[in-house]
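Q: Grabbed the feature section from TrEMBL, which reads as follows:
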type     : residues      : note
DISULFID : CYS153-CYS168 : disulfide bond
DISULFID : CYS163-CYS180 : disulfide bond
DOMAIN   : 140-184       : domain 'P-type'
DOMAIN   : 189-467       : domain 'ZP'
SIGNAL   : 1-18          : signal peptide
TRANSMEM : 509-529       : transmembrane segment
Amino acid sequence: MWLPHPFWLCCLLPLAFSGQLEPQVPGGLGVLRCGLQSFQFTIDLPTREVAPVLTAWDEQGLPHRLGNNSDCGTWVREGPGGSVVLEASYSGCYVTEWGSQYVMPVRVEGTDTAGRKMVMKRRLLRCPVDRPAPHAPDADLCDSVPARDRLPCAPPPISRGDCEVLGCCYGSAEEEAGSCYYGNTVTSHCTQEGRFSIAVSRSAASPPLRLDSVYLAFGNNSECDPVMATRAFVLFQFPFTSCGTTRRTAGDQVVYENELVATRDVRTWGRGSITRDSIFRLRVSCSYAINGDTFPVNVQVFSLPPPLAKAQPGALALELQIAKDKNYGSYYAAGDYPVVKVLRDPIYVEVSVLHRTDPNLGLLLRQCWATPSPSPLRQPQWPILVEGCPYAGDNYQTRLIPVQKAPSLPLPSHRQRFSIATFGFVDPARAEEALGGQVYLHCSVSVCQPAGTSSCMVTCPVTRRKSELSLQNNTASISSSGPMILLQALKDPLEKSHKYLSAQVDAKALWVAGLSGTVIIGVLLVFYLNKCVE
């Protein structure tokens, strides 16, 4: 009968690790590395004359000698320096999911120099089920590292999953297959032995870092110096107990933190000082479960936020354009006005901020309206947008069009778009009489920041007061470069046919009346002549 996993595990561990009469080799318990799909357990052997025997237990408590068995997901090979490496898949025969961990009891047997059998290693291997780990860098951060500058992140051979757990790049080309190297960024991971490993690329900052200027902020001895430095990378590896590493407790976790900084090369003369180096300060954090094993549960790199864009005071330059189509691929130039449209034709409008490069700026449309004259203050007027929203009293309401970021539009927050259905003004005193065909468009706008936040967007229908918006500069107005000439649609063809038919009827009636009159006059004339003869 199969037993539940926790009960089986509790019964199995005493069976596996108690009652052993063989002497146990003192020393470390090996190095365990948890990957995405499997773990690797590396064992350093004191003697290498006889291959060790590795044993694990299945769910029924039966021991099995481990070897290369793809069906059960186990592989045993020789590692660096004559060590033995055991790799086991989490979905294999001998790994059990227990709570939030994958567990596998392992015993390693060998012989001493006298040929006696002895238990060299025995351990319960544990790895987290949901292993939080940095993802591999983006492809451009990996491909941009020339082969000659690549710094190994882990010795080969290594699987792609285990390489990505370390936040590193995996070689894909044939000559680099199986290689694992650092990307053009800052890569940090925490080892189970309680050490930081931080690799910094010179391309991690702009302009590029001077790597010889990067150091641990609180390190004061040789142990805190880089363990490796190339022309493209610098690598720091140090224990949590040194180099000014701070330790704090946060809930059920213990957090270790340290900082990397870079000195700035400052040039001075009698009238001032300059530097061409950016500020670089990096805080690295490793978190471990207090009551768990020594595997890290979180790794974080805190870089400085980018500096705020430089303020640029001055007049607000705006532009109101009419696009030639709904794709906003081209616009009517000043020489194209007046633009001729037929009633109800769509008009695609764009309002934009000119000569600004701050991505934190956002453009808000406040009011948009139309007049039959170039002056935005002349009457009559017709509202198009009210507080940035379509005017509710229009039977053909304005449609707001979102602006998407594209290579040709790097700052979409600097533009607003909408479309309207063409209309014509009429005389308020005589509703049947049109006031010419010219219509001008006008908008009042504001600039706010930061763009993309709720305080810099309008929700329709408007539910916020004007004072709730963080406005920069006063509201400014902009008008179209010229008028649109609106052509009245042709009159109802049925009405024209009615008039044609009525004209035909009238002509026929007149012809009949004329003929009848002629006949009557003729009869009267004959009658008159007969009277005269008598």
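Here the Cβ of each residue, glycine as well, is placed from N, Cα and C on the backbone.
Any idea what these are sitting next to in the structure?
A: Around the Cβ of CYS153 (disulfide bond), the same chain contributes CYS163, LEU166, CYS168, CYS169, CYS180, TYR181, TYR182, THR187, ALA199, each under 8 angstroms and 6 or more positions distant in sequence.
For CYS163 (disulfide bond), the number of other Cβ atoms no farther than 10 Å from its own Cβ, over all displayed protein chains, is 23.
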Q: What's the number of neighbouring CB atoms sitting within 10 A of the CB on CYS180 (disulfide bond)?
A: 24
